[in-house]
Structure formats: structure tokens, C-alpha cells
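Database features, via Swiss-Prot:
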type: BINDING; residues: HIS265, HIS266, HIS336; note: Cu(2+) A binding site
type: BINDING; residues: HIS415, HIS417, MET490; note: Cu(2+) B binding site
type: DISULFID; residues: CYS157-CYS599; note: disulfide bond
type: DISULFID; residues: CYS235-CYS286; note: disulfide bond
type: DISULFID; residues: CYS272-CYS298; note: disulfide bond
type: DISULFID; residues: CYS393-CYS506; note: disulfide bond
type: DISULFID; residues: CYS397-CYS568; note: disulfide bond
type: DISULFID; residues: CYS469-CYS491; note: disulfide bond
type: DOMAIN; residues: 60-176; note: domain 'DOMON'
type: MOD_RES; residues: SER349; note: phosphoserine
Amino acid sequence: MQPHLSHQPCWSLPSPSVREAASMYGTAVAIFLVILVAALQGSEPPESPFPYHIPLDPEGTLELSWNVSYDQEIIHFQLQVQGPRAGVLFGMSDRGEMENADLVMLWTDGDRTYFADAWSDQKGQIHLDTHQDYQLLQAQRVSNSLSLLFKRPFVTCDPKDYVIEDDTVHLVYGILEEPFQSLEAINTSGLHTGLQQVQLLKPEVSTPAMPADVQTMDIRAPDVLIPSTETTYWCYITELPLHFPRHHIIMYEAIVTEGNEALVHHMEVFQCTNESEAFPMFNGPCDSKMKPDRLNYCRHVLAAWALGAKAFYYPEEAGVPLGSSGSSRFLRLEVHYHNPRNIQGRRDSSGIRLHYTASLRPNEAGIMELGLVYTPLMAIPPQETTFVLTGYCTDRCTQMALPKSGIRIFASQLHTHLTGRKVITVLARDGQQREVVNRDNHYSPHFQEIRMLKNAVTVHQGDVLITSCTYNTENRTMATVGGFGILEEMCVNYVHYYPKTELELCKSAVDDGFLQKYFHIVNRFGNEEVCTCPQASVPQQFASVPWNSFNRDMLKALYNYAPISVHCNKTSAVRFPGNWNLQPLPNITSAVEEPDPRCPIRQTRGPAGPFVVITHGGRH
């Protein structure tokens, strides 16, 4: 007996015969030339449309849309599948691996089509989950595409499920080209699979009204031939018009060339320093030997967009200054192309559109760098899985540089290079950590965007801002030192705040003298392998360290207890007055308490299994 089918969208409980089948099979989907709506447990569709969209694969076969309910702590997903397919998988994993992934599966055995919550083991073998936390709401076939609507709680407390938080999520997908007789017959190693990064839980921020005099400026790299390599960072230098008067940027958004939505991964606009009247023009790969060195001084972030992000609006009371004689006219656009299928011949003119106004807002928004100084004094040994480095914006600096009323941080962009895995900035006051400014426990250096904070953070005089980065150097044989090079490392949080102050950089590094004492200790217990002579550079010294457990532990202890050099810098790159060397680490006696995840109340269900809803031969 067939379940009820309809060519019109509807929301109803499954028929009794389906419920009986559910105890044996679980949930399944009609896929061939029918429209099926199956509502489970009286589920309702999301009232508002899906505001967020991303292509999952470069060919455009899979497109994901989603809608977030913070009240119910549930995400509704809509997955569009183009063309006739034997099935798809979609899910999440810690770093984008297909192994140990939390999955939802749609597959056919050649006769029936099934939908089920599943997971993959460390060998990529797929298994049915004992808790079916992905709930199918609707399946609809239109022309040559299939649309699946399903939902899942943020937190399920199922050990096989991924905890969805407001940091980066590594989405995985796969396309099944042939039937499988059972779910257990599927292994991810034999599928066409891929990875996409996104922030699923975006803060609910109201959209300010645009003023009548708003204007736009497009920063686009013209007619780029996208390289057929997997990863390309493209740099383009442009300039503002001569005598461009002072304006406020109040919003920006991405402009992505049609057809390239799956290839343009993220983009940033940087303002160059004002040290020179002119910067050389350039339009090419950022790692090109032809790229002028001066482009490294174009690193003041004006705008940053990543796949899945919508337009970025500044608070009504603040805007980012653009123009005037006191700032550089030169801007650098950086576009990250992600081309895992090595597609050739694709042209692109993507970029970022700035919305600006001559009606200056009450406050100018500033950008402050927190974290570590770009210096080889801070290093990560090779073969490390979770090595942590921490930079401090000390109470002495905030006391001297911030206004009495404090500042309000409303957005943040975390940044490391290739080995960064986690980043967090915490505000401390009176020796106690008070709140997290921003955190990403699944950070990826290939997915960077300016993110609005759920709640603005007020920083007062005397507060401490602590930024920690966790690195993984398992695949490296030499120490990774801090610096500007892509194979060197950084630990930075660009915080966006108002009102703008003279303080542009508040960072730290270990004291150089204490680092040299570390090298002397290594020599004392290691037969003089590290040169401590004046002509040896710090990178050379780190390259000579034999990385046994003693030397690793000693370096960790050095970074955790040794005095620091604080860079409390003005916009002119000059430090605020005072002696900033040999400063003690801030004395923090308590950490921020982490809330325990709230587990949903589970409804009593029958044995988990793929629930057959319809066979291919059913009438419709």
C-alpha cells in the first residue's frame, strides 16, 4: 500500500501504513518524478524563507540553503540536487574529513529510496545512527532536480553527532552515482566527495536603514583567468580618486561573477600604509615572484567576505573612515579561489562593493590588532598536534590608550596562517576572565570573514585582552616561526570597535633575552647544538633545536611564564610612552565558565532504520 502523494506542497502526518513500516525501515524518500511531502511528529516548516545559501560543489550539482531558529535551537536545511542521482550524503566533521563524520544519507537500492541519519567510522564506512536526529520534512521533485527539506537540533548529545556552534563548520558532501543494496555497503572512499566551510549560526542583527546620499564603489580584479590549481590567492592593487574627501563606509557586500559562486571562496580589501605617495600596480597571484614587496604593507583590513556571508552592516552610530589626506589612497583586493576540480578557462571579475556616505556618523569605527607580534621569537615545534601561543593586550596599555568611557567591540576577524586550528580572545578584568570576545574552535585559515558579535563587548581602561591560537604542525619537520610569510605563522584578532582611538595595535611577544636563555639551556643539556652567537638569527637557532620532549616542554614553559615585550602602538606605529619591555604576564586567577550544552528531550521512537516511503513504481 502506497503512502499519500501530492503534487501540491502540504504538511500532514504520515499514513498508518507508513508508521507501521517505520518500525522496520525508518525514513525514506520518493526521488523519481514525484512530489512527496512527509511531516514527522507534527513538524512545521520554517515561517521565514531561507536567508543563507551556498553551493557545495564547484559543478553546481548541490546547493544548500538554511534557516536558523535560535528559540528552538534548530536548523532547517534545504538541499537542492541537480540531475538524476542515485543518492547524496551531507554532513559535518571536525576538520572536513570524510571519516568520523556526522551524516544524513539519501540512497536507493534500485527499487526503493531511503533517507536516514548516519555516521562514518575512521575507515570511511557508513553506519546507521541509533538516534535519528535529522528529521525529514519534505522531499519534492521538480523537473530535473530534487529538493530535500530536513531539520536538526544544534546539540543532540548523541556521541556520533556534531555539535553545531557559532564558529566555522566544515560541511562534507558526496554524490552517489549507482544504487547500493544497503547503507553499510557504502564507503566514502568510493564516492565523489568534497568539503565546504561556512558559519551556520550567524548572529541575528538588525539591518540599519541606508541614508539617502549613500554611494557605492566596486573593488574588483578585472577579467582574471582563474588558475586551474586547487588554491589560488589573487592580489589586485587599485586606488581611490585624487583628493577623495572623507567618507564613512557603512556597509559592504560581495560581488561574485555569475557562474563562479562555487570557486570564489573568500575576499578581503586591505588599505595600504600611508608611508609612500604611490604603490606599484599589480594584478596577479599573491605568491608570484613578480609581486612587489611593498604590497606586504597593505594589510589594514577594510572589508572581508567569505562564502555564505551576507552583506555586512556597521552599527547605525559608527562608520569606517575612507579618504582624506591622512590616509593612503591605495587598496589591495585579495581573492581566494578554491578550484578542487581544476576547472580551466573560467574568467572572473569578483570583488567587494563598498557602500559609503558623506554624512559622517557620530563615531568613527576603528580596527585594532590583538594577539602576537609578527616575530620569529614565537615559534611552534614540528610534529605538534595542539601547540598554543598566547598574546596579550595588557591592562597598562588599555589604561593609557583607551578613553574613560571605554570602547565597544562589535565585530571581529580571526587570523592565522596554515597551521592555525583554533583562535580565541577573552576579556579579563580584575584578574578574572569575564567574557569571550570571539572564538572559533574549528578555525580554518582558508575561511576568514569579519563576523558580527552576538553582543557588543565593552572594554574599559585597565582591562586585559588575551588572544590564544592553537596550531597543528604534524606535517612539518622544522620549527614554524612567526612572521609574514605564508609558511610562517600569525595569531591575530582584528577587532572592529568604536569610538576610534589612537591605539591601533596591542600585542606581545616573549622577551628576547629570556628566549636566548632558553637556547642556552638547550645547549647545556644538548651538547651545544644551538648557536647562541650574535650572528645567528632566531629562525636559524630554532632550526638547530633537537625537538625532544625536554626541549618542547621547556619552550612551552618559557611562553607560559617568561616576561613579555608589549607593543602598545599608535596609528603612527610608534609605541605609547613608557617602558614596555620585560613586562610580567597578566595575573589571571579564573577562567570563563563554559555553559554545558542543553540536550533535547528525546521522543520515544522505534528501532532506527531507513524508512521506506515509496517504491519507484508507485502511482502519483
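Cβ atoms here come from the backbone N, Cα and C positions, even for glycine.
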Cα-to-Cα gap, CYS298 (disulfide bond) vs CYS235 (disulfide bond), nearest whole Å:
11
Measuring Cα to Cα, how far is CYS506 (disulfide bond) from HIS336 (Cu(2+) A binding site) in Å?
28
Identify all same-chain residues not among HIS265, HIS266, HIS336 whose C-beta atom falls within 8 angstroms of the centroid of the Cu(2+) A site's C-beta atoms; report them in sequence order.
VAL264, MET267, ALA306, LEU307, VAL335, TYR337, HIS338, HIS446, PHE447, GLN448
Other than HIS415, HIS417, MET490 themselves, what residues in this chain have Cβ atoms within 8 Å of the centroid of the Cu(2+) B site's Cβ atoms?
THR416, GLY420, PRO445, GLU489, CYS491, VAL492
Near CYS235 (disulfide bond), which of the recorded positions HIS336, HIS417, CYS491 can be found within 10 Å, Cα to Cα?
HIS336
Cβ-Cβ neighbours of the residue listed as 'phosphoserine' (radius 10 Å):
15
Local Cβ density at CYS599 (disulfide bond) - other Cβ atoms counted within 10 Å:
11
Count the other Cβ atoms sitting within 10 Å of the Cβ of CYS298 (disulfide bond), across every protein chain shown.
21
Hey, does DSSP put HIS417 (Cu(2+) B binding site) in a helix, a strand, or just coil?
coil
